Each structure stands twice: as C-alpha cells, then as structure tokens.
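For reference, the structure discussed in these notes is given below.
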Amino acid sequence: MSSPTGGGTFLGLPAVPSRPPYGTGNLRGDRAFPEAAREELGNDQLRRNLAKATRTIRGKRLAVTAELPDWEQLREAGAAIKTDTMNRLPELLEQLERKVTEHGGTVHWARDGVEANEIVTRLVQESGSDEVIKVKSMATQEIGLNEHLESRGITAHETDLAELIVQLAGDRPSHILVPAIHRNREEIRDIFRAGIPGVDPGLDAVPAHLAAAARAHLRKKFMTVPVAVSGANFGIAETGTLSVVESEGNGRMCLTLPRTLITVMGIEKVLPRYRDLEVFLQLLPRSSTGERMNPYTSMWTGVTPGDGPQEFHLVLLDNGRTAALADRIGREALNCIRCSACLNVCPVYERTGGHSYGSTYPGPIGAVLTPQLAGMDAAKNDPNSSLPYASSLCGACFDACPVKIDIPSLLVELRHQHTERSGTTAEKLVMRAAAAVMRRPALFTAAQRVTAAPGRLVAGRDEVVSRLPPPFDGWTDSRDLPAPPRQTFRSWLASEEGAATLREAAEEGRRDREGRAAGREDDDEEAR
Amino acid sequence: MTSTARETVLGRIRDALALAGPGEVTVERAYRTGRTLPGRERLELLTGRLVDYRAGVRTCTADRTAEAIAEALRERGARRVGVPAGLDPAWLAAFDGEVRQDSADVPAPSLDALDGVVTASAVTCAETGTIFLDGSPDQGRRALSLVPDLHVCVVDLSSVVAGVPEAVARLVPERPTTLISGPSATSDIELERVEGVHGPRTLEVIVRTDA
Amino acid sequence: MRIGLFATCLGDTLFPDAVKATAVLLARLGHEVVFPPEQTCCGQMHVNTGYQREPVPLVRNFAEQFGDPSLDAVVMPSGSCAGSVRHQHEIVAARYGDAALRARVAAVKAKTYELSELLVDVLGVTDVGAYFPHRVTYHPTCHSLRMLRVGDKPLRLLRAVEAIDLAELPEADTCCGFGGTFALKNAGTSAAMLRDKTDAVRSTGADVCTAGDSSCLMHIGGGLSRIEAGTRTLHLAQILASTRTAPHPLPQPEATR
C-alpha cells in the first residue's frame, strides 16, 4: 500500500518508501554490467591508468592509516555514529533545518531528483543569473542537475579540475575521487584546446600547465558568477554547520565568493554533533586521498554577515534514500562517506573502470548503493540487477571501508533479494535441482558417478577439459578444467586402500612421536 | 509544495524505521582524545607536516613578528599586501610595501590585485599540519585569505594542539571556519601532483614559539 | 582428538587428493578422523549466487552430520566453505529455519575450522613433520584471509616444512578472480583478474602454487594450464602431508598431464 504522494504513513500503516522515477537521474546505465565491462576490458589505456591510480592511492592510504594507532577505534566510532544517525534521522534533520534557518539559511526538501532539480533551477532563476559555478558533488551528479539546468537555459560550470575535464569532453566521471582518471594528459590537452575559450593554442600536456590553464579560465568565473551550487560532506544537526572537503580551492571559491549558495545534500549526510567531525575529519582524508588531511575544508553555518554568500539554501534530498533505509540489512550502505577507498582496492573496479557500473556511484559501494537508491527490479532486465553480481566477494572493500560497511554481505543480500523477486528462472531451477540432489547423500553419490565418466571422456587422454558448452564456456574461454578423478574421496575412504592408508599414517605418526620422545630422553640423559 | 515534500520525506523516514526497526548501536569513542604534547614536540611535528605539504615554515619569538613577516613577504616579492581589520598593525611595521586593510565592502575581485595576505590563525593541529581560520578580526573574512596568491599565516605555538579531536574541541561552530593543510593541490591529471590551483599557491607559516 | 572431516562437495568429487591429504595428515598427528557418511555440500554456491531458501536442507544436513557432540572439532580443507559454515549458515537459518536449526547451526559453527586454523590454533602445531623439497609460492585465498582471518597461519605451517623453498607471491592478497558463479557471470573480468594472478605466480619461478582452497586452485590451475606455464597447483594439505618416507611426487603441470 502506498499513499498518493508515494510514501508517508497512510491509514497508519507504514509503507515502503518509493524510489525515484525510472529513467530519471544518473543511477542506472543502459546495459548490464558484464556487457558494459566487456567493452571497458578492451581499453588498455583505461586499465593502465586505473591500475596505476588505484595502486598509488592504495599505497598512500595504507601508509597513513597504519600510522594512527587508533585507526580501528576511529572506524568503530565512525560506523556507530552513522548507525546512530540513521536511527534518529527524523529528529536530526528537523534539528538541522531549525539551526540552518536560525542562522539565516533556507531549507528545502526534495522527494527525488526531479524535485531537487526544479528547486535549484527556481532558485537560480530568482537570482537573475543564467550561470552557476559548481563544486564537485556526487548528489548533483546523481540527479543530473547540470543537464536539467542546461535544459532551462542555465550554464553550470564545473570547477573541480577533473569535473571540468569530464564536462568539457561531454564525458561521464569514472571515479568518485578522480573522475577523469580514464583520460591521459594528451587527451586532456586536446579537450582544453577545444573547450576553453581563448586558451593558448600552443598549450602543451604538462599537468602543471594544464592546471594553470584551468585556473585562468575558472578565475574569471569565480569572480563574476553570482550563484554557486555545492554538495556537502557533512551537515551537523546540533549547530546547522555544513562542510565541504576538497583539495584545489575551487570549493572555497564557490562557497565564499558568490552572492548565493545552494547546497544539495542527501539526507543521510547529517551528523548528530559538531564533535563528530573529529572522527570523520580523520577517517575521510586518510581513506580518500591517502593524505593526513586534505588541503582545504570549509565549514559554514547559515549566513555570516560580511563574510561569504549572503543567501544560503540547503536542499535536503531523498531520491531513494528512504527506500534504502527501509531495508534492515541494505541500509548500511547509507553510512558511506564517499571516500572511494573501496574502489581503489577492488580488483573488479580496477579492471572494468567506473563507467561499467552505469551509475554515479561505481565500484563496490556503487554495486550496493545504486540498486538500493534506484531499485534493481524496476523493469524487465533492469541493468541495476547485474550490479550485485559484479563482485568476486573477495572482501577487500570491507577491510578498506572507514565506516566498516560489510559490502560483501550486502552484495550477497541483494543477490538474494533479486532472486526472490525474479520468479522462476533457468538458474533457479538449476539451483533447486542441485540442492535437491545434494540434500540426499545417495543421490549425490550417484550424481558423482554419472558425471565422472562423461567428464573423463570429454577430457580425453590429457585429462584436461578445455571446452565446455554454455553457460560454462565463459570458464573454458580462458581456463582449463581437470578431468574428474577416477575415484571420489568417499569411495577411496570406503575402500581397502583408503582404510590402509589412514592406518599406516596413524602408525607412522605414532612411531615418529615415540622416536622423538626417545630422542628427547636421550638428549636429557646427555644433558645430565 | 515544499512543505508537502518535507512531510513526505519525514513520513517516509518514519515508515522506513518502523518497517525495519532501529539498528543496534552504542557510540563509543575509544579513539585518542585530549592528548597533550610538550611544545617542542608539537613544533617538530607541525614543522615536519608543513614541510611535507611544501609550505614555507619559519619560527620566531613574538617580539620578532614584524621582522619575520617582512622577511616572508620580501622573499616572495610581495609589494601590495592585504590585512584583516583586526590584525595588530605593529605586525606590518617592518614591511616597506603597501598595506591595504580589508573591509566587507571591498569587492572580492579587487582582492585579486593583492600580491599577498597576512593573517593570524585560530588553532592548529600538529599531527595533520592543519591550520584553522575562524573569521576572527585578526583572520578576516574568508575571501581575503583565498583570492591573493600568497598567504602568510601566523601561528602561535600555544594554539597548536596534538590531534584533530583537540583542535575541533577549540572551535566555535557558528564561525565560518576554513581548514588549511598546505597550499592547494590537484592530482587529477594522471595522479601527478600539481601544487597551487585555485587557492593561494604559496603558503608561508610563521610559528611564534613563545606566543 | 575426534575430528569431523568435511570433504566439501568439490573436494570429494573433483579434488579428492586434497581431502585424502587432510585425513592422512590428521591421522599422522594422532587424531581420530571421522567422516560422517551422509555429508554433501555446505550450500555456499547457493548463498553466494543469491539463493537462501534452496540450501536450507543442506545447512540442516551439515548441522546434523557434524553436530555430533562427540566430535571435538570439524575441519575442512577450504577457507570458503569454512566461511560459509561460520558466516552464512546462521543467516540462512535465521531467515528460513526454525529455532532448532538455529541452535544446531550455532553449535556446529563454534567448532568449525579451516585446516590451518585447526592445526595452529586448536592442535597447537606449526611443524607437522612435512618434507617438500620444491619451490613453492602461496596464494592466500580471499575468504581465508578476510572472512576467517587466518592471517599468516598457512605461511607459518609452510615455513616449518623441511627443504621447502618458499617464494613470496607479489600482490598476494589480490583475488584470483574465481568468486564461484562470478567466473561464469562475469567471465571476462574474472579472466582479467586471473591473468594478473598467473603472471604473479609465474614471476616467482615456483614449481608449485599452493593455497587452502581447491576452488581457487582450480581457477588458478586452469589458467596456468591454459597458458602452459609449467607451474602446478597443490593444496596446502598435500604439501603438509608430504614426508621424507612418503614424499609427494611433484605432479606434472596440468597441461602436460
């Protein structure tokens, strides 16, 4: 049962909150993961860049997390604060709203991305500007704000260097932290030459020169555009303080120079107390860039007369977050602080890149967060249903996560939810049949016998199976399989040979131990 | 419309929590808090971190503040320097260039004409090499320490604390606060670090060891 | 000690030598090895592929077969199956089982060990008297490393093996790309991961790549065989069961077997 507004208590019965409308925003690709990955796997440049990037950041992260003797306690506290936050979300959001309002800000609520886009558009229009400057923000990327603004005749200038590269190239970010990691310097030089008005046509591919070109281009925007749009890393309920963590200073520019600041924040980004920053300002930079602290962090509370934007709007965004919250197990993904450590340790991400996930949120966290925000069975063959399977369940992400999100368990849970909703599929029939055989030992041993003979036949004399029919051909495309052995373990154990072998082993062990004991006695004698 | 959205979102959250129940949790803060370090160790730690960030560091005693500031500005070739209204004028006494006092009605773009800015600071975290500015009269509005290309920042050793929790405990939440850990930087192009993108490309820190 | 041996469906059917070695090793160390005859499969493949109703009978069967209080411990030569018993059975039982099953699952979980854990933690032995005069590299499987946290126990066991030439595997803790049905559903990505793993194995110049899980070894071995690398795979138990009097012969590389 759901109310006409798509959620909310109706007739006193709690309803599962609704997700953003299908086809809106950037939380769903146009094809399933394996298909998208196939293309990316063929891109050697991408794989080299990714391998280098993830390896470098991995090493730095390990070094700076290892130097804190209380790293594990910080992770524990971070996880606990986040869980506590989710438990008390309504009161904390109301408190945040009250505090921001008290300090001269205006708070808006958005049920989904469509509504958030409309709110931001209206606010920009009211300011009289047809341009905005933007700080890198996952939330506005998620809801497709730039595209929406453009459709209303408003130009959004991304000011983070990587986001600028991605925007000028008409591209999509491929990593949370380094969105243009799939581009090399020569490509970036070409993108700048083509996309920055008045840029030196002789611009070379030296990173410092490219950064200087971006600085010159964006400085004009910082000084003249009267409206900025940002995301938020944290919003403190106790004080109404918002925070943005960054490196380049473009964030400070956007948060300080314009007349109007509009911040779009997912409702799960709220933290209860100002003091909680002492935990997250340690967890985030060390996990994210592998630095002890990022170059710049800005914290502001509403409006400060004579300092910074004199008009401040905070847009609190649901867009599927409440649907995720309604899942007792899956809600843990809402604890994510967007550090991207899980991407950098993920062997799947390292090889397929961010675009394969089809969502603003790639990598292991994306594989659990995206289906929960946008749904994964919202249409037939929903591409998001392939995301929970885009993992070997190796668990490296869980170890790296600063707030201890058990991503492998969440993946297994989402797989379960998917199969439960999928009706009867060929795979389910196979799984049922396999379970039916394996629950009955007699059937199981019979099955062992009947598969062994053909298996050995397929393998032939070299005892190697190198070609299997679908759906197993994926295996034999690049791996062999040994032929089934002549005898299973249980038949060996039941055989005279098996019994004799174990008897001899026990006997041999006893002789060894006695020999050693005797040797020790001899040694003892000698010692005396 | 907006009030409807507010009620809907809050209603959804309550529904979600009713459906799935709250998570079991107690928040324990077993990490290090309230740490203290002798002054010499704080100075050593901080200096190491700032050098690591490729910021300039020099130390002086309080009575040599003006000379240290003048020296830092001279080395960087700064001729026209902005200062917040509440900065002790004596600090610029040894500087022979032009000093412009900032005020809220100076448009931010005109700050671009300054060669540098001199400010004090609120608190500093040694372990991470992070300087906190909080908009107090001797630190000025945020635009002042952002737009010029050189930032000379005076840090009193007495305001340097060991770790992040100790620093956060000293802040006033309502003040606009900026955390600075070295000059701005980017690694967005093939992960090659480039220092100085949008903020001041040069950070000079003067630690006053007896203040 | 009376030790229940779970062969695992894969070990029983495709890799019996690893299970034999486990049994021989424990017998040699003076323990009674009990093989509950009705055992089949732990259901890991089902759970990891998203099926939790279907393996309920498997979870129940496992708990019944190994719940016998006269068994002091239950061991299996597989980190991932031990992980399944210790972490997944209770999830399945909580969701689709009754109170009796939940109780049984909890009881058997408490005494379930992967081989290296049993040897080092429970039996308190690192030198099992093994002899293996070959160059060996060890791949720590993901579930033993990050689900069970076996740490360096397998390496401590290997270091104590007489005459062994142990070569460190570069990027050892990176997944080999197996992941059960992942290797079929995302075959291309899995193969790319495997390629990096086999490259790392080859770079060690080892004769043998070993691990505590036959499934990962099947994957790595399948890759090594396909590229005719000349490196064989052997389960950790097979190296530990090799002695001076009964040395394990160096097997032919898969491709030339």
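Using the three backbone atoms N, Cα and C, a Cβ is placed for every residue, glycine included.
Unlike curated records, TrEMBL annotations are generated automatically.
According to TrEMBL, the feature compositional bias 'Gly residues' maps to A:1-10.
Through the fold, the compositional bias 'Basic and acidic residues' (A:504-520) approaches none of its own chain's residues that are at least 6 residues removed from its boundaries at a Cβ separation under 8 Å. The compositional bias 'Basic and acidic residues' feature in TrEMBL is assigned to A:504-520.
Taken from TrEMBL, the feature domain 'LUD' covers A:93-316.
Looking just at the domain '4Fe-4S ferredoxin-type' (A:333-405), the mean pLDDT is 96. Among the features that TrEMBL reports, domain '4Fe-4S ferredoxin-type' is placed at A:333-405.
According to TrEMBL, the feature domain 'Lactate utilization protein B C-terminal' maps to A:422-496.
What TrEMBL records for A:1-30 (among others) is region 'Disordered'.
Feature annotation from TrEMBL assigns region 'Disordered' to A:469-528 (among others). Residue counts for the region 'Disordered' (A:469-528) under DSSP, split into helix (H, G, I), strand (E, B) and coil, are 42 helix, 2 strand, 16 coil.
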For the domain '4Fe-4S ferredoxin-type' (A:333-405), residues assigned helix / strand / coil by DSSP: 41 helix, 0 strand, 32 coil
